[in-house]
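Step one of this worksheet: look at the structure below.
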Amino acid sequence: MSQVVSPVREPLVIGGKTYADVTEDVCRQVEGKPTKLWLICFTLALITLGYGSYCLFYTWWTGIGVWGLNKTVGWAWDITNFVWWVGIGHAGTLISAILLLFRQKWRTSINRAAEAMTIFAVLCAASFILAHMGRPWLAHWALPLPNTYGSLWVNFNSPLVWDVFAISTYLTVSLVFWYIGLIPDLATIRDRARNKVSKFVYGAMSFGWDGSAKTWARYESVSLILAGLSTPLVLSVHTIVSFDFATSVIPGWHTTIFPPYFVAGAIFSGFAMVLTLMLITREVFNLKEYITIGHMESMNKIIMLTGSIVGVAYITELFIAWYSGVQYEQYAFLNRATGPYWWAYWSMMTCNVISPQLFWIRKIRRSVAATFILSIIVNIGMWFERFVIIVTSLHRDYLPSSWAMFYPTMYDIGDYIFSFGLFFTLFLLFAKFLPVVNMAEVKAILKSSSAKVAEKRGAAVQTDFQARPAFNKDVE
Amino acid sequence: METNKRYLVGVFDDEDVLLKSVKKIRNSGVKIHEVYTPFPIHGLDEALGYKRSRLPIAAFLFGITGTTCAVAMISLMLGYDWPMIIGGKPFVPIPDLVPVSFELTVLFAALGMVATFLITNNLWPGKKPILFDSRSTDNKFIMAVDLSKNKLASDEITSILRNFGATEVNTKLVEEEVVV
């Protein structure tokens, strides 16, 4: 049964769409030939990936000496990029899992693309984990595998080992969650396919889905439990990432506020990335009726909320550094704000704390151009946040004789470019060959939340309103 | 052995009409084979008389298997096989077990449940589905009635389906292996 929705709520799907329209609008870009714009973007992504792959290959071949690291700054862009990408990934799971548990229907048109973004972002993050090991072919040493040293096992007390488990579980569960959601839509494409190749490929990928009531009932129960599992999972992942820093004794890292602060920051940057991608996608694939200004506004509200949480966390850090009376902690923060990396600190503060506050203004929240620009600013700010946390905490060691600066080399930059190439190549492939909007879920909310129904309901409310005086008269 | 089975296929345009009529159609003595819909309809499984899925129980069992495996693995490795002195702390520190045990609980529960889901629904890559109407993944709600399992005549069932809101009623022959 369709649920009752308040008439004051903005419709989630506009333009009087029917079930068949949803199928048609979403399948169009999957079935059609790639557009010129897509081909241009894809070529650019491949060039980026190509250049990045060269840099990454050179890093792997030569060793991480090609980076600008020195004996004081042992972690720089690698871990910055890793934390940044993992954080971006968090929005996808938040949208598909946490918003499902909260029964937020607006998630239905964006969850598919956001989940895809999660998976690609975690893959990008993983590339930095492999690269920063220096000898990536020995990456399996991070797993508890029997070995020739009389089975010297990995140290389960180390947050780095927790990270291995957290990130790999997160990637696996996100991938499974995403694919299970894709199966019904792949079946739709299979049943519409005309040529042999797509019939075969989508036929194989849709696992023989027939949409029977029994399967749907089980599917719903699987989705709900996966959402229930993913919710603590996504919170645990960035918590554990923050443990990499928080359990150390480096001033500026050794902070109990890190787990919630990292999780809020992750959702903050993730939503910004979802907005950047979705604003382009809705334009290119003409999905404006499904990804509406209302959707954008909802996401901007979350950005505003999490941005404020992040702002409070920054100020709390400063306060606690002063209040703790620990000289080292105090110096770490003084150095952040006024030391040689002051520009990074203030870029972070401006982009993350001040800029999202603009979303208090409804006009900005509902402006596509402003949102697009702000979404990019937020992600620049979040990159600087990780850079500030990592590099400025390290570069001035306890002994002034070992103070150093970090300067990125072309391979630091090139490996970062690699992750962009990988991300956009995968996202463009996804956007072309798989349905970017979850058709089944959008159809399921069409009756309760489309503009058509809202109109009818609005009319009903009006007649009700007009009828009221007469009713009152009767009572009198 | 292969036989051809005759099915009546009722096509509905609206999920609310379908949901209301399922019970009525069942009450008028028609045995429904299955209903195929493009998206999940809440309450349809109850209307068809299906039992609640036991997948949550499976997920729970897989989950505690994961926890047990993780705790056993870590305790055996750090406490028994190769105990290491790290800052004089206990060999098997309980708080340090939490993150990995939690992750493995989630991993086992998720993978186990999804595998159970795929197996119980007989879904696997490359499987060819029996489709009574290919519009059931697009915009129509399809009700299939197995004539061999119904006592009522085909005409009677057709009129019942039409009375309760089916916009089309077609016949479909399905070749299927007889399940013993």
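Just so it is clear, glycine is given a Cβ too, placed from its N, Cα and C backbone atoms.
TrEMBL annotations: computationally assigned, not manually curated.
As annotated by TrEMBL, transmembrane segment applies to A:37-62 (among others).
If you look up TrEMBL, you'll see A:82-102 (among others) marked as transmembrane segment. Long-range contacts of the transmembrane segment (A:82-102) within the same chain, counting only residues at least 6 positions beyond its ends with a Cβ under 8 Å from a Cβ of the stretch, are 110-111, 114-119, 121-122, 124-125, 128-129, 132, 167, 170, 174, 177-178, 181, 223-224, 226-228, 230-231, 233-234, 237-238, 241, 262-263, 265-267, 269-271, 273-274, 379, 382-383, 386, 390, 419, 423.
Taken from TrEMBL, the feature transmembrane segment applies to A:114-134 (among others). Cβ atoms under 8 Å from those of the transmembrane segment (A:114-134) belong to residues 56, 59-60, 63-64, 75, 78-79, 81-86, 88-93, 95-96, 142, 167, 170-171, 174-175, 177-178, 181, 270, 273-274, 277-278, 415, 418-420, 422-423, 426-427, 430, 434, 436 of the same chain, restricted to positions at least 6 beyond its ends.
Residues or ranges marked as transmembrane segment by TrEMBL: A:160-182 (among others). Within the same chain, residues 86, 89, 92-93, 96-97, 111-112, 115-116, 118-119, 122-123, 125-126, 129, 142-143, 154, 205, 219, 222-223, 226-227, 229-230, 233-234, 236-237, 240-241, 243-244, 434-435, 438, 441 sit at least 6 positions outside the transmembrane segment (A:160-182) and bring their C-beta atoms closer than 8 Å to a C-beta of that stretch.
Per TrEMBL, the feature transmembrane segment maps to A:222-241 (among others).
Taken from TrEMBL, the feature transmembrane segment applies to A:261-281 (among others).
The transmembrane segment annotation in TrEMBL covers A:302-323 (among others).
Only residues 6 or more beyond the boundaries of the transmembrane segment (A:343-361), in the same chain, are considered here, and those with a CB under 8 A from a CB of the stretch are 265, 268, 300-301, 303-304, 307-308, 310-311, 314, 336-337, 370, 374, 377-378, 380-382, 384-385, 387-388, 391-392. Per TrEMBL, transmembrane segment is recorded for A:343-361 (among others).
Positions annotated as transmembrane segment by TrEMBL: A:368-396 (among others). Long-range contacts of the transmembrane segment (A:368-396) within the same chain, counting only residues at least 6 positions beyond its ends with a Cβ under 8 Å from a Cβ of the stretch, are 72-77, 79-81, 83-84, 87-88, 245, 250-253, 265, 268-269, 272-273, 275-276, 279, 293, 296, 300, 303, 307, 310, 331-332, 335-336, 339-341, 344-345, 347-348, 350-352, 355-356, 358-359, 403-406.
Taken from TrEMBL, the feature transmembrane segment covers A:416-437 (among others).
By the Cβ criterion (distance under 8 Å, sequence gap of 6 or more), the transmembrane segment (A:416-437) is not counted as touching the transmembrane segment (A:222-241), fewer than 3 such pairs being found.
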